[in-house]
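Colleague: Here it is, the structure, as structure tokens.
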């Protein structure tokens, strides 16, 4: 295992033959002295030049399946039993269920073990967190038409169905960023054209379910082998851009709703006293209060009002409006 080449071969070996091939290649590169042919009193001199290991690193000289080229790996990935077309209606689904059928009972039995408790709690929190988070955002975006309760119910139903009939039961299901943006756009569209949001959303869900069933029936999942990492990164970039745009848009909206007063007199910030001044626009209620006390804005000495008087007058106005 101290040999770099054999160390790499041993860790990448897929079966017994790969490991044996790596051992054979290693033995071809070493000199072995049988115990009967070696004299302990004689010192064996090391070689003057260490032989190059580049030839051993060439793919043609290494073990086949453990060190195959990228093209061979892609070909093996394409020809996997999960990604092969069956040519029958729902053939891929039937094969998935048959492959998973022997493990149904063990999945349920193993889940009852205390060793699985940590994984169950982790998956529960991992599934619940995005559902509740995006459910709250959906409730705000759709004005309560779809909120956390509906998102939780939908994720529970789809999660159970997906775990029973799919080959990847550990996939975390729930709302995502693009779904949130789609719901906001759809709700705004319904408000602009006076349409029923829930009715249109139900129609979209039924059409989506129909298209998914059609894809499953035609074994369209075999096309997944052509999806590269570029596709995943493109969707991740789209989600990032969407959330950055939403954050900046909300910041701009807050700036328009609560504008910053850019014309303040900074010298007034150093005053330690509170000075009263007559109001620019007096409402009818205030004029009525002044007339009941034989007061006007002109004969009130605003500069001479004390803190106690100001608080008393404010409290009286508050009681009056109540």
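Each Cβ is built from the backbone N, Cα and C atoms, and glycine gets one as well.
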Colleague: From the ranges 204-227, 276-299, pick the one that TrEMBL records as transmembrane segment.
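Modeller: Matching range for transmembrane segment: 204-227.
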Colleague: Among the recorded stretches 146-165, 204-227, 234-252, which has the greatest number of Cβ pairs closer than 8 Å to the transmembrane segment (117-139)?
Modeller: 146-165
Colleague: Of the residues in the domain 'Band 3 cytoplasmic' (1-40), how many are helix, strand and coil by DSSP?
Modeller: 25 helix, 0 strand, 15 coil
Colleague: For the domain 'Band 3 cytoplasmic' (1-40), what's the mean pLDDT in this predicted model?
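Modeller: Mean pLDDT, the domain 'Band 3 cytoplasmic' (1-40): 82.
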